[in-house]
Amino acid sequence: MISTYEPALKKIRHYSANACLLPICSLYGAAVTTVEGVGSTKTRVHPVQERLAKCHGSQCGFCTPGMVMSIYTLLRNHPEPTSEQMIAALAGNLCRCTGYRPILDACKTFCKVRNKNSWVLLVFFLFKVSTRLFSTDEFQPLDPTQELIFPPELMRMAENQPKRTLFFHGERMTWISPVSLDELLDLKATYPKAPLLVGNTSVGPEMKFRGMFHPIVIAPARIPDLNMVKCTDDGLTLGAACSLSLVKDILTNAMAEFPEEKTKVFSAVLQQLRTLGGEQIRNIASLGGNIVSRKSTSDLNPILAASNCMLNLASRGRKRQIPLSDIFADGVGNNTITPEEILVSVHVPHSRKGEYVSAFRQAPRRENALPVTNAGMRVIFEEGTDTIKDLSIFYGGAVSTTVCAKQTCRTLIGRHWNKQMLDEACRLVFKEIALPGSDNGETVDYKKTLIVSFFYRFFLEVSQSLKTMDPCHYPGIPMEYRSVLQDFKTKMPQSIQIYQAKLSQSPQDPVGRPIMHQSGIKHATGEAVYIDDLPSVDGELFLAVVTSSRAHAKIVSIDTSEALKGPGVFDIITAHDVPATNEFYYSDDPEIIFARNKVICVGQIVCAVVADSDDHAKQAAAKVKIEYEVLEPVILTIEEAIQHNSFFAPKRKLEQGNVDRAFETVDNIIEGEIRIGGQEHFYMETQSVLVVPKGEDNEMDVYVSTQHPAIIQEMVAASLGVPANRIMCHVKRVGGAFGGKLLKAGLLASVAAVAANKTSRAVRLILSRGDDMLITGGRHPFIGKYKVGFMNDGRIRAVDAKYYINAGCTPDESVLVAEVSLLKMDNAYKIPNLRCWAYACKTNLPSNTAFRGFGFPQSALVTETWITGVADKIGLSPEKIREINMYKENEQTHFKQKLDPQNLIRCWNECMEKSAYYSRKTAVNEFNKQNYWKKKGIAIVPMKFPFGLGTRYLSQAAALVHIYTDGSVLLTHGGIEMGQGIHTKMIQVASRELNIPMSCIHFCETSTTTVPNACASVGSAGTDVNGMAVKDACQTLLKRLQPIINKNPKGTWNDWIKEAFEQSVSLSATGYFRGYNENMDWEKGEGQPFTYFLYGAACSEVEINCLTGDHKNLRTDIVMDIGCSINPAVDIGQIEGAFVQGIGLYTMEELKYSPEGVLYTRGPDQYKIPAVCDIPEQFSVSLLSSSQNPYAIYASKGIGEAGLFLGCSVFFALRDAVTRVRNERGLKKTFTLNSPLTAEQIWANCADDFAEMVIGNRASPSLFGPDPSYH
């Protein structure tokens, strides 16, 4: 939070901002409050921190300080905010673990209106279950008088010190901050190339991502002329340095002050400001910067240009005013503003009678995302008529800057605002706005359609306004068109969580209770330590990697001469510096630390630079020159791999029944294929490692963010050629992993260890987000081909399927992922005759790896796709086909493992009931009859998720428990805390077993020195296996203490421990669990690869906008069978977090590559994970009651992964909505929807007249719909 004092107004302003965008020089005279200043466990925990933690709003905890600061800043400005203000404050924050619901629960406790949700109370009375995961009675009240005051010395400085020009000199740059306009104009004349920097939202990213360098930067934010706000007769004049937040506030106030006909421009600009960036960006980004940078993605420029806004410019001895539209007159080369000119202010005019103004945008995510296309439009009619007097249409996002449809506007002047004008306008605008072709043709079609459909939407809006003004003369628009005039808005979600509380349980026993995450408070105060928080070690070096820019090439030479001359550079590390193993053969193809003679993907590590600072290392890495000789073939896609027969062995197959004969006897056969895109893990803490050589006996401490310390130890030891007992691997906690911190973390730790070994210094390697996404790979892209035979009554008799996964350039876990996709492909259905193959394709992309769900989210989506295909073919509803084919009684899976589906059927029926599926389906039908451009869809999907790792040794676990003579207990085990609450659960287990309070038990870290050879924390199994080991250790200790307890049954725990010590009884024990007895024989195609099954069902309802493909998630109800939950708060958090990650996989997250195999989507700018605006407006999760699981600790079930697949209920609800559009428009052709089902795909499959116009390039579309009176 930044706080500044305005002496003229005697006002303090608080605002949140992104630290990565704020140059330190811009903070002169400001007070900065970080999460540490808000509160700490040593002083006092602030109510925001306390409530976030106690409402279970943190899992891995890495994003929590940012959440705290956003909420805290809002409360400093508005101690009793509305829920709209709260939602807006969080729009710029991302979380990958929680699914946002618990964070919003914490926020609601501060909001003004806190009406108890009647929905929640109803459920409580009907089902007699617990719905409270936290108690508000425990919260300390928010007292605004107790906040930190603004530092008085800064106040005095602001009031008394005359403002003077500031100069700051860095190693390579000079920062100049003038205080008067004249001085600024002089500086600009002297340094015409120096950029003006206010919010750093343009210059900052250019320097960081595009390597641009500016020796001199001028910061004009302190100049009064550039900050003025003036109300004139004909509008508002706003200083160019005003932040977008300030502009938003000024326009909001003006809307309340002026009559509606004067504020139409203000209203349209506000519409764009609400979704432009997040609050943190708007707080620092300036109005002038947004205009002058002329970026095509500016949401403001089209509407400001269309509205006839004026720019006030100044240079030495000259002032002039030009229309804003002039700077876009002839595209990018435009030089209307000369290099020495400054934009001083912007005049935004009042609207007039008979003038209508609108702004539109469509983006990959509704908030905090750059637009695909946007528009600003304005029309003025001759007084009292519908004859066009003036028209202006501007588009952004289409080409490299904002463009004007000049010809169109000129041609239409004098026309009446009617259907003929509309037809002509659409054709003209379509012809005039020429879009350059793109690498992946689709986006161009989508942009073209948006260009036309935005104008259509404007036409509808204005027609409706004309009717309001004069209902006798203007018919307005048909009822069923009107809903499309309302954009989707983000509302504060209502949520409900249902679990069974055990009433008979002793109050001391913590198992089964919603206990806060052990580190929750530390997450919220910023005291939780991650790798990059570890204090620097004396002489520590920073490492930056140099990666391949070619997908498949021979390395001809590496020239490091320039890089070695860089300041602070210590050394460069290549494959020649690896003392022992550089290639790890876990199968036929190796995993590689440094590329030796050739590279096999873009992003492969070729060498690394170590320097005295992170900046110096990165600057030097950019100077390493590598010469390549391209090798053939370059294989990037699954299709190319099939063509070149490029696969990792073995190919896997499962078969049961007689498939070919079954196909001869069925009534119907459908065939098809579906593509499922990959997914980036997007853990909040990027890959991180700190290696500290001990200086003797080749010992090394390795602090690393990983799910598998033992593999790190093994790989580092092998690469250095030392025994594993010299490498101590430590993991305190991991800031999210999801499967992405296994082998990749091992290779990166080895890179750092080799550097530390060569330099004998500590080495820190923290990947930037862009490098992390480029290097590490993610979920496997997938193609499923299927042939399905079924009877007329919906019974599926035969399935023949082939799955291809894009493994990338090395095997990693890909063959295992392919196997799991086969074993779990049946989802919830009994398929009597089945044959399926799985192939891991070897390509020249970064190697893909484990990711939550591990093959199941892909193969089960293929299954659900052909289920809906069968439903379409025979005219039954998808839920009927699902019910007919669901496992019914004790049966065998397709690999001959027994299963009892009783809880599957219970979950399905309960989800049907809780979601009121059939009555809502009727309501959806009603809505769709009454709305043409908006449609709703609803779907319900069941799930069977098998639990197991396939082999016994992979699920063994160990624990170590020490009791100290003061009675306190230190616990450690082999599991890794990455947000799933494993340490919290282990302490709950130990507390129950030893019958002592959780507060007496401490967990320090996971380390290879305390628990050797631990298995990876993967496959939802962490709690299952480590819980057994902790229980075993505690029982061993209790057995030793039993004689002492029997002798003194009334004694206290401390008495018994003291006595035990005096009797020389060992107070330390290891616990061990051998693992689950799991096996799979691939030759026979049968086995027991799983120990038990989790079941669930989810019902989701969505609404789509057919004109843009945008959608809103309205409601989701989930019922999950997870046995007896050890900690319902943690488990429900896991289900919700996985579900929202699933929404990302199936509807939003899209990885894009260039034809050369370079990843385009390399950060949150281009790659959109779900944000607060994407979670369902009503979100309910119920845990199935009275479910037992005899195989796992305390009858619980491993819950981490299963919920992700349920995100596809949103995918199928969208499919349902699209199907209804197609049926209404008479489109009978079968269609396939691929994943992710983005707005572009929804739009393309709704196939309206605009799409026809674009794709078919038809000259004269029969535009617009069902109402004959409207033609």
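Any Cβ shown, glycine's included, is placed from N, Cα and C.
For E1201 (active site, proton acceptor), the same-chain residues that are 6 or more apart in sequence and have a Cβ closer than 8 Å to its Cβ are R852, G853, F854, F856, F945, G1019, S1020, A1138. For E1201, the entry in TrEMBL reads active site, proton acceptor.
Annotated [2Fe-2S] cluster 1 binding site per TrEMBL: C20, in sequence order.
Around C60 ([2Fe-2S] cluster 2 binding site), taking its Cβ as the centre, 29 other Cβ atoms fall within 10 Å, counting all chains. Sequence annotations record features per position, and here TrEMBL assigns [2Fe-2S] cluster 2 binding site to C60, C63, C95, C97.
Residues or ranges marked as FAD binding site in TrEMBL: 196-203, 286-290, D299, L343, R361. Applying an 8 A CB threshold to same-chain residues 6+ apart, the list for V198 (FAD binding site) reads A219, P220, A221, A241, S243, I284, A285, S286, G288, G289.
Annotation comment: TrEMBL describes Q707, F738, R852, G1019 as Mo-molybdopterin binding site.
Marked as substrate binding site by TrEMBL: F854.
As annotated by TrEMBL, domain 'FAD-binding PCMH-type' applies to 168-353.
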Request  = Within 10 Å of the Cβ of L343 (FAD binding site), how many other Cβ atoms can you find? Include all protein chains, please.
outcome  = 23
Task = Within 10 Å of each Cβ, count the other Cβ atoms, then let me know which of the binding-site residues N200, S202, S286, N290, Q707 comes out lowest.
result = S202
Ask   = Can you count the other CB atoms that lie within 10 A of the CB of L196 (FAD binding site)?
value = 23
Inquiry  = For a quick check of packing: other C-beta atoms within 10 Å of the C-beta of F738 (Mo-molybdopterin binding site), how many?
reply    = 28
Note = The rounded CA-CA distance in Å from C95 ([2Fe-2S] cluster 2 binding site) to F738 (Mo-molybdopterin binding site) is 13
Ask   = So which one is it: of the binding-site residues C20, C63, C95, C97, which has the fewest other Cβ atoms within 10 Å?
value = C20
Note = Nearest by Cα to L196 (FAD binding site), of the binding-site residues C20, C63, Q707, F738, is C20
Key: Neighbouring C-beta atoms (10 Å sphere around the C-beta of R852 (Mo-molybdopterin binding site))   = 27
Message = The record lists Q707, F738, R852, G1019 as binding Mo-molybdopterin. What's the largest Cα to Cα distance among them, in Å, rounded to a whole number?
response = 12
